[in-house]
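Undergrad: Sharing the feature lines straight out of TrEMBL:
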- 12-33: transmembrane segment (TRANSMEM)
- 45-64: transmembrane segment (TRANSMEM)
- 96-115: transmembrane segment (TRANSMEM)
- 153-172: transmembrane segment (TRANSMEM)
- 179-199: transmembrane segment (TRANSMEM)
- 219-248: transmembrane segment (TRANSMEM)
- 255-282: transmembrane segment (TRANSMEM)
- 309-332: transmembrane segment (TRANSMEM)
- 353-372: transmembrane segment (TRANSMEM)
- 392-413: transmembrane segment (TRANSMEM)
- 434-455: transmembrane segment (TRANSMEM)
Amino acid sequence: MSSQRRSIHGQWSSRLIFILAVTGSAVGLGNIWKFPYLVGEHGGGAFVLVYLACMLIVGLPLLVAEIVIGRRGRCAPAGTMERVATEEGGARHWKYVGWLSLLAAFLVLSVYSVIGGWSLAYVFRTAGGVFSGADSFQAVLVFQELIGDPEKVLAWHTLFMAVTMTLVGRGVREGLEEAIRWFMPLLLLLLIFLAVYAAGTGQTREALAFLFYPDFSRISGGVVLVAMGHAFFTLSLGVGAVMVYGAYLHRRVSVLPVAGVIVGLDVVIALLAGLVIFPLVFAHGTPADSGLGLVFETMPLTFAQMDSGVWFGTLFFLLVLFAAWTSAISLLEPLVAHVVEHTKLDRSLATSYVGAAIWALGVVSILSFNLWEHVRPLGNVSGFEQSTLFDLFSFLAINVLLPISGLLIAFFAGWRLSKASVRVELGGEYGWRVWHFTIRFITPLAVLLVLLHSIRLI
Ligand code: PHE
Ligand code: NA
């Protein structure tokens, strides 16, 4: 009986650990770095509202779908898709959807690990007092010097990957679970502590206005699609991370409430990150609209001007680092599980090979900030003239592969999975009906629009 099946890789020891694991995957650079500047750029509260709607119609249904499919198949994404599809009387070709997720995970991690390396560097830079008394020119310079020096970034990227590999190599219980048990409570404590501190600067009102004052004139079709794309990325969908975590979930847990909690936590943590960053930024008059430079340029500058900025700065970058690590392990796990299932390698060897390959690809991203800075592979393609290899990798992974695999997964869950098999898993008849309708009609359409927009067809 398929519901009795167990994963050969192990099983989470509790429902809470599963929630923390998926939340750890979801909470990452997307929450701390991307969400706050997207809100600032796209109309504050109006963007937040659109984003919440996207989380409900795209994020939540797909999260549920990935968990349900993963738990049913109990393998890495390719094996799971193949198994579940054939059990439903469908074609084995569905396994290629799993392959697509794996490819996306591979690419995303190679880029993610480089930025994880920057975060690691910044923990040490800040703790060492590099930013004390720095002005904005110096703060930017520190960043440029870091990313401009391939050897330095290589060292940090290597260290970041090595820790990720060590954790994954130790397995579901001893590695992933152990990391999650430490990192997640620390992450939440740090975030709350920093938010309380930031509230003490007296600039909370400005920050709240910035985050929540709705300016609907800035909402356009394009902005809606940005919000939808971000909902996708922030929940780690389409890379097999949630699917493989679902494969380790106990069969008696109802999926809908669990997924609801995860989405809620992801949203709350993104908003809290905004309430850490903006009060500090406003209190010190540093630029709030620095976009991508917000975390690595504006924040160090902000800490440079604070009493005890060394402490708070170090804690802030530790927060970024923990968030990045819990996401990185969820990107490596589906790949390692896949290799273990398809070869005779044991987990630690599989981890070494996969990790080394990702590490090597990461070097390309590193070089595109320095030695290969001027390489523009698509220099004559409109819209991509200025894109470096790093830009193209992240674009391909995040804006193309993720939505394609998400679209196919939504289609599979809505139209191929038999209703009876899913109904019992969600926990609640009404919830099941709403989910089923959404995943059949609304989610695929929404994801398709995001995809077409990404590749500039609409
Ligand atoms: N959800 C992570 C974030 O918000 C990014 C991520 C995507 C992590 C895919 C794992 C898998 O930063
Ligand atoms: Na996230």
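Heads up, the Cβ atoms here are built off N, Cα and C, so glycines get one too.
Provide an account of the burial state, proximal residues and distances for the features listed.
TA: If one looks beyond the transmembrane segment (12-33) by at least 6 residues along the same chain, the residues whose Cβ comes under 8 Å of a Cβ in the stretch are 63, 67, 112, 115, 172-173, 176-177, 180-181, 183-184, 187, 230, 233-236, 241-242, 245, 248-250, 253, 258, 261-262, 265-266, 269-270, 273, 277, 292, 294-295, 319-320, 323-324, 326-327, 329-331.
Same-chain residues lying 6 or more positions outside the transmembrane segment (45-64) and placing a CB less than 8 Å from one of its CB atoms are 22, 38-39, 211-216, 218-219, 223-224, 227-228, 230-232, 234-235, 237-238, 242, 255-256, 259-260, 262-263, 266-267, 271, 406, 409-410, 413, 426, 435, 438-439, 442-443, 446-447.
Listed by sequence, the residues of this chain that lie at least six past the ends of the transmembrane segment (153-172) yet keep a Cβ under 8 A from its Cβ atoms are 9-12, 113-114, 116-121, 146-147, 178-179, 248, 324-325, 328-329, 332-333, 336, 347-348, 351-352, 355, 358-359, 362-363, 366, 369.
Here the transmembrane segment (219-248) has long-range neighbours at 7, 9-12, 18, 21-22, 25-26, 28, 30-31, 34-35, 38, 42-43, 46-47, 50-51, 53-55, 58-59, 62-63, 66-71, 73-77, 80, 98, 101-102, 104-105, 108, 172, 262-263, 266, 270, 327, 330-331, 333-334, 337, 398-399, 401-406, 409, 446-447, 449-450, 453-454, meaning same-chain residues at least 6 beyond its ends whose C-beta is under 8 angstroms from one of its own.
Sequence-distant contacts of the transmembrane segment (255-282) (same chain, six or more residues past either end, CB-CB distance under 8 Å): 15, 18-19, 22-23, 26-27, 30-32, 35-36, 39-40, 48, 52, 55-56, 59-60, 63-64, 67-68, 71, 191-192, 194-195, 198-199, 201-204, 206-208, 210-211, 234-235, 288, 294, 298-299, 302-303, 306, 316, 425-428, 431-432, 435.
Counting same-chain residues at least six beyond the ends of the transmembrane segment (353-372), those with a Cβ under 8 angstroms from any Cβ of the stretch are 106-107, 109-111, 113-114, 147-150, 153-154, 157-158, 161, 164-165, 168, 332, 335-336, 339, 345, 388-391, 393.
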Undergrad: Quickly jot the same-chain residues contacting the transmembrane segment (392-413) by Cβ under 8 Å, restricted to those at least six beyond its ends, or write none.
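TA: For the transmembrane segment (392-413), the far contacts come to 61-62, 65-66, 68-69, 81, 85, 94, 97, 100-101, 103-104, 107-108, 110-111, 229, 232-233, 237-239, 364-365, 377-378, 384, 422, 439, 443-444, 447-448, 450-451, 454-455.
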